[in-house]
Each structure stands twice: as C-alpha cells, then as structure tokens.
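> Following this message is one structure expressed as structure tokens.
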Amino acid sequence: MGLWALVAFCLLSLILVGSAEQCGGQAGGRVCPGGACCSKFGWCGNTADYCGSGCQSQCSSTGDIGQLITRSMFNDMLKHRNEGSCPGKGFYTYDAFIAAAKAFPGFGTTGDTTTRKREIAAFLAQTSHETTGGWASAPDGPYAWGYCYLREQGSPGAYCVPSAQWPCAAGRKYYGRGPIQISYNYNYGQAGKAIGVDLVNNPDLVATDAVISFKTAFWFWMTPQSPKPSCHNVITGGWTPSGADRSAGRLPGFGVITNIINGGVECGKGVVPQVQDRIGFYKRYCDILRVSYGNNLDCNNQRPFGSGLLLDTI
C-alpha cells in the first residue's frame, strides 16, 4: 500500500470510528432513507461507491426503470387516462414518470427483477386507485381508468392545520393533488423540502408540473414516517414486522401498503370496496408486467398503524 493510500485509509478509519454508521449490519439492519444504497461500510449514498461491490441493501443496478416498464406498458396500464372526460387528460406522461423516478434511485431498482416489477405495479396500483375514473362496467374494465383525476373533486377545503414549521400561505389550499393526492400543508412542506421546491407557497405546482407531481408521490412512497414503514421498504422486503405488527396482522405484502396509505378508513373492517379496488389495479398491472402478486394482498384483518405524520391525511 502506498504512503498516500495508507494515510487516506487511516483518516477514513478515524472518521468511521468517530461517527455512527447509518445502515446495514453496522446499524441493526436499518435501510437508507429515500431508497439510497447502503455501502458495505454502512453508509448511505447513490454513487458507485455505495451501490457497487459489497452494497448491503437498496442496491440500484440502474436508475432507469424504463427497462422494466416501457412506454407501451405504461400506456396500456393507464389506458384511459387521456379520455376527454378525465380532468387529468394529457398531464400524466410516461416521460414525467421516468424523470421523477430517477430522482429516487431506489425506486424500481431494489432487489431482483420480481421485486422491482412488483414495486412498480404496487406504486401505480395505489396511485391509480387514488385518481381513478373507472366504474364497474367501464370500457376495458374499472382497472384501466387510473390517473383520470388530477385534483380532489367537489369543493375541498383548505386542508390547513396549525404548524410552526409549515405555516399555511395566505390564500393557498392544500387539498389532494397529483398521483397520491397529497394533502395538508405539512405534507406539502415536507415533500417540497425533499424535492427542492417550495410547495407551501406554490401547492398548485403539484397539478401543473407533471414531474413535480410524480415526485411528490415518490416522496410519499419512499419515506417512512414512524410508526409506519415506507411503502418502498415493505414491497422490497426491507421491512421486518415487529411483534406488535404481527399481533396486529400486519405482515409484508401489498396489504400493508394500503394500511400505510389509508388504514384508518379501509383496514381491519373485513372486505371493503376500496381495498378490493386497489388489489384489482395491482393484479392487472402485475399481469401486464408478467410478475406474480406475492402474499398478503389485503388488509381486511389488519389493525391500522398508530398515529403518524401521514396517518389518514392523503
């Protein structure tokens, strides 16, 4: 080993000793936030040093999910999103979806091909339910009408709650917008901070800029908010249920993601139409991607998660 290499190694060793590792075996199996790679040394990042040889989790082999979901697949999944009757006509494009996904490099790139395809299917299924324009006898069935809506329908309120960190801007409303129908000032604030956009003062960017709109949905998907894990960690196997989770019936699978998103309304109540609708989208998209569904698709017998920042607000 050369002199400078030895010096660099010693300095790195001192740094590592003087600070706590962030992820992997060095941190009790913790995964990195935002889908970042966990290096063999237990640090989070998105470069080859973190995602390459020895990477412990969320190891992105490529940031381009277009290899798994082509434009034609995307258009087939969201077949009727551009119907004249859909308020979101022309907004939700494949290019915006791919561009936004690249800002979250762990999405659709974590795990084996089956896991990666399931994550894409699960994300599009859950967001399709939130934006669906379908009905039971709709052309091509109810699960071909995802991404029809852009803004919350009816006469939504301001969705403003007192917040020292994310105070509401005068005249702004924080009702549901975009793929995940993000709501409330504090969620707009957190999402905006994560993607580098002031959404507290400019919430309608979620309904006028398609890339920003998709990014808010990916932010929600990739971000754990205690006591809830992230949707990403659940679908990719990065979440291990605690004893309390198991007692509550919360086992890894698509059903827990529904619990994360709207468990207080939909879960633990037996068979409810909303849960079945989400599953219907998921199965159709898995079929298009030619991947199996996995286990535990519903949350019929799951108790909802406890209080969290995103609980039942989206």
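Positions of Cβ are set from backbone N, Cα and C atoms, glycine also.
Pasting the relevant annotations from Swiss-Prot:
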- 1-20: signal peptide (SIGNAL)
- 21-61: domain 'Chitin-binding type-1' (DOMAIN)
- Cys23-Cys38: disulfide bond (DISULFID)
- Cys32-Cys44: disulfide bond (DISULFID)
- Cys37-Cys51: disulfide bond (DISULFID)
- Cys55-Cys59: disulfide bond (DISULFID)
- Cys86-Cys148: disulfide bond (DISULFID)
- Glu130: active site, proton donor (ACT_SITE)
- Cys160-Cys168: disulfide bond (DISULFID)
- Cys267-Cys299: disulfide bond (DISULFID)
> Quick one: what's DSSP say for Cys44 (disulfide bond), helix, strand or coil?
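In the DSSP reduction, Cys44 (disulfide bond) maps to strand.
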> Compare the Cα of Cys299 (disulfide bond) against each of the disulfide-bonded residues Cys51, Cys59, Cys86, Cys148, Cys160 and report the nearest.
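In terms of Cα distance, Cys299 (disulfide bond) lies closest to Cys148.
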> Just checking: which of Cys51, Cys86, Cys148, Cys160, Cys168 have a Cα that is within 10 Å of the Cα of Cys38 (disulfide bond), counting only these disulfide-bonded residues?
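So the list is Cys51.
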> Nearest to Cys51 (disulfide bond) by Cα, among Cys59, Glu130, Cys148 (recorded positions)?
Cys59
> In sequence order, what residues of the same chain, 6+ apart, have a Cβ less than 8 Å from the Cβ of Cys267 (disulfide bond)?
Gly255, Thr258, Asn259, Val275, Cys299, Asn300, Gln302, Arg303, Pro304
> To the nearest whole angstrom, what is the C-alpha distance linking Cys23 (disulfide bond) and Cys32 (disulfide bond)?
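Cα-Cα, rounded: 6 Å.
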> Run through Glu130, Cys148, Cys168 for me and report the recorded positions whose CA is within 10 Å of the CA of Cys55 (disulfide bond), in sequence order.
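Near Cys55 (disulfide bond), where near means Cα within 10 Å, there are no recorded positions at all.
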> Cα of Cys44 (disulfide bond) to Cα of Cys37 (disulfide bond): how many Å, rounded?
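One finds 6 Å between the Cα atoms of these residues.
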> Taking each of Cys59, Cys86, Glu130, Cys148, Cys160, Cys168 in turn, which of these recorded positions have a Cα lying within 10 angstroms of the Cα of Cys37 (disulfide bond)?
Cys59
> Nearest to Cys86 (disulfide bond) by Cα, among Cys59, Glu130, Cys160, Cys168 (recorded positions)?
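Considering only the listed recorded positions, the nearest one is Glu130.
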> If you measure Cys59 (disulfide bond) to Cys32 (disulfide bond) at Cα, how many Å is it?
11
